[in-house]
Amino acid sequence: MTSAAPAKKPYRKAPPEHRELRLEIPGSRLEQEEPLTDAERMKLLQEENEELRRRLASATRRTEALERELEIGQDCLELELGQSREELDKFKDKFRRLQNSYTASQRTNQELEDKLHTLASLSHSWIFAIKKAEMDRKTLDWEIVELTNKLLDAKNTINKLEELNERYRLDCNLAVQLLKCNKSHFRNHKFADLPCELQDMVRKHLHSGQEAASPGPAPSLAPGAVVPTSVIARVLEKPESLLLNSAQSGSAGRPLAEDVFVHVDMSEGVPGDPASPPAPGSPTPQPNGECHSLGTARGSPEEELPLPAFEKLNPYPTPSPPHPLYPGRRVIEFSEDKVRIPRNSPLPNCTYATRQAISLSLVEEGSERARPSPVPSTPASAQASPHHQPSPAPLTLSAPASSASSEEDLLVSWQRAFVDRTPPPAAVAQRTAFGRDALPELQRHFAHSPADRDEVVQAPSARPEESELLLPTEPDSGFPREEEELNLPISPEEERQSLLPINRGTEEGPGTSHTEGRAWPLPSSSRPQRSPKRMGVHHLHRKDSLTQAQEQGNLLN
C-alpha cells in the first residue's frame, strides 16, 4: 500500500503546504518508519487528525469572515441599488418632463410655424393692398392734376364769361340809352286812358314841378291832354308806389327797388266778354275820361271795399285772373324785390319806362275795341302802339319797298353799336324830348293864352329829361300816316316847330273848346319815310305775340 500510494497522482492538485506536508511527512515517515508498529501508526494518525481539525477550524473562521464580508457587501450593494433605483426614477421623471416639454415646444413650434405661414400670406395680401393703394394714390394724383387743370380752365372760362357779361351789360345799357334817346319809338298816351294811380302820380309830378317853378295856382289837367312817354318815365322813376294793379299802396313803409318786373297778361278774354263781369271794387268810367274809385264817387271814404293786398311775384310769374280794378283789361303786375340793379346804372329806370310804355298800350285795348273807328287814321288806333298800322294796305305797300333797306340799316346800326362798340352819332344822341333851351321859348309862347292852361300844362324840372309838355290831341288831326303812327318828331327843333303853331291857334281862338280839331303842321316832307321795322329785332323772336297783336290790332315789340 505504501509503495503504491506515492506513486498515485492526486485527483486534484492540493495546496503547496498540504502537498508539502503530505508529501514530506508521510513520505519521509513512510520511508523512515516503514517498520513502525500499530501504536505508532495510531499516534501519527491522531496527530494528523488534530492537524486537520485545526485546519478545519481556521478554514471555518475564514469562511465565516468571508460570509460576514459578503453580507456586508451585499447590504452595501443593496443600498447602492436602491440609490441607483431612486436616481433612475428621478431620471425617468426628468426624461418624462423633458419629453413633455419637448412635445409642448414642438406643438408651440408648429403653432408658431402656422402663424408664420398665415403672417406670410397676410404680408403678401398686405403687400398687394399696399401696391394697390399706391396705384390708387397715383391715379388720384393724376385725377387731382386733371381736375386742377379743369378748374383752371373753368376759372378762365368764368373770367371770360364775366368779361362777356360785363360787355353785354354795357351793351344793354347802351341799347337802353339808345332806346331812350330815340323818342319816336313810343307813342304818347292820353291822360284819360292812364290808370287812376298813374294819373295821380302824373298830376302830383306836374303840380310839384309847377310849384317849384311858379308859386301860383297849378293848372288842372284836361282829359284829352297827351302825356309824353318821357314824362311817364320820369314819374315812374320816382320812389312812389308803383302798384298799378292795387288801389292801396302795399309798399308805403318799405324801401322801394330800383327796378320792378313788369308782367303783361296776354291770356285773358275779350274785354267785352260777359263771362268777366265788373268786380265790386272796379272803378266806373267818368264822363271826362278820368278814373275815380267808388268810395270817392259816393263821397264816403269809409265805405270803400277792401281790396286784396299786393302779392309779390317771381321773375316769371303765372298769369293772374282779372283784377277787380281793371275787369277785362290787361293786368300789369310788378315785383319790387326780384330784380336788383345798382343805383348808378341807367338800366333800371329806362328798362322800366320802356316796358311800362309798351304795357300801357295793352291796358287801353279794351277802350279801343269798345269804339271801332270807321276812319283808318283815328288817334286811338294811331296811338295804340309804336307799330300800329291802321289798314293792311299801307303795310303791304310801304313795308316791301323799304324792308331790304331797313333790315340792312338795322344790321349796320346794331353791328356799329354792339360789335364795333362805337359811340352813337350826334343826330341819334340828340334825340331827346325837350332841352333846357327849348323850355323858355315854349313858356313864352304858351303864356299868352291863359284860357288854354287847362289843356296845355308844362312840366318844369331841373333836369333836361323832365322838361316835356302835355299837349292836347283830337281825332281830326292832319298828320301824315307815318307821323300818326309814330306821333313824335326826331329832334327838339322839329318838336318845337310842331308845337309852336298850336299856340298861334289858341291865340286866334281863345274861346274855342278843346274838343275842336287842330291841324299840326309837321315838316313831314323834310323827314324820310321810315319803316316801322326800325323799332328793333325783337319781332324776329316773338312771333306768337306779333301774330296775336296783329290779329287784335296792336303791334307789340
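Using the three backbone atoms N, Cα and C, a Cβ is placed for every residue, glycine included.
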Listed residues SER276, SER320, SER373, with the one flagged phosphoserine by Swiss-Prot: SER320
SER300, SER385, SER449 - residue that Swiss-Prot labels as phosphoserine: SER300
Among SER58, SER101, SER377, SER545, residue with annotation phosphoserine (source: Swiss-Prot): SER545
